[in-house]
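If you look up TrEMBL, you'll see 22-216 marked as domain 'Class II aldolase/adducin N-terminal'. Under the heading substrate binding site, TrEMBL lists Cys91. Look at TrEMBL and you will find His108, His110, His200 tagged as Zn(2+) binding site. Residues or ranges marked as active site, proton donor/acceptor in TrEMBL: Glu143.
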Amino acid sequence: MNGSSHANDQLIVSDDPQHPANHICTLCRNFYNLGWVTGTGGGTSIRKGPHIFIAPSGVQKELMQPENIFVLDYATRSYLRKPPVLKPSACTPLFMAAFDRGAGCCIHTHSQWAVLVTLLVERDAAQNGEKLGDKCFEIEMIEQIKGIPQGRGKQGMLGYFDKLRVPIIENTAHEEDLTSSLEVAMDRYPDTYAVLVRRHGVYVWGDDVQKAKTQAER
């Protein structure tokens with residue numbers, strides 16, 4: 001089923017600011033103001049019950065409106081609402097990988113800080129004569145990691161003396177081609193809630209919007 005936007009507008013019309021169609025627009029504007037996304041780059045997706053709400057490709061993040069939002073049926077992967085003049089996000093298969101692992105929200109940004117981290121890891125590997133391979137970003141004894149969960153199925157948050165590990169995958173020419181390496185990283189690091197993409201950005205997810213957002217902010 002490829003639903004037209006007119007036939008299924010009820011999926012995105014709501015006065016509730018926490019409704020996914022409204023919430024995605026707010027998040028995208030906030031991330032734009034933080035400098036995490038510019039132009040049409042990056043993306044955000046929220047799962048609500050059987051429905052997946054996804055920001056489109058090709059729309060400036062600070063100008064996004066609810067009518068721009070795509071809606072997928074989670075079980076069938078078919079579009080219930082597809083704005084006719086817009087393209088689906090190339091991030092969609094990567095978002096679905098997070099939802100398949102229980103996420104309620106997945107955020108992709110082009111944060112300069114995330115890109116810088118991957119460059120620093122790359123530099124250190126080169127200086128030490130190491131291959132990049134299965135490199136990950138590791139950090140400990142820093143206050144900000146205290147808001148990040150220990151891992152799926154585990155109780156509590158990381159502590160000051162714990163070590164946060166975030167896997168890094170290689171960038172590809174096309175966003176959707178990152179899917180398989182993202183899934184491998186998720187499986188190899190089951191406690192992670194983020195995957196860095198070298199010289200590109202980061203994918204962050206959480207059990208709900210609030211957790212994904214706060215984990216991205218850290």
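Glycine residues also receive a Cβ, built from the backbone N, Cα and C atoms like all the rest.
When averaged over the domain 'Class II aldolase/adducin N-terminal' (22-216), pLDDT in the model lands at 95.
Each of the binding-site residues His108, His110, His200 was scored by the number of other CB atoms within 10 Å of its CB, and the largest score is that of His108. Each residue contributes its Cα atom, and for His108 (Zn(2+) binding site) and Cys91 (substrate binding site) those atoms are 8 Å apart. Note: the CA-CA distance between His110 (Zn(2+) binding site) and Cys91 (substrate binding site) rounds to 12 Å. Looking only at the recorded positions Cys91, Glu143, the densest Cβ neighbourhood within 10 Å occurs at Cys91.
DSSP assigns His200 (Zn(2+) binding site) to coil in the three-state reduction, outside any helix or strand. When the Cα atoms are compared, Glu143 (active site, proton donor/acceptor) and Cys91 (substrate binding site) turn out to be 31 Å apart. Neighbours of the Zn(2+) site: apart from His108, His110, His200, residues of the same chain with C-beta atoms within 8 angstroms of the site's C-beta centroid are Val37, Gly41, Gly42, Thr109, Ser111, Ala114, Val115, Val197, Gly201, Val202, Tyr203.
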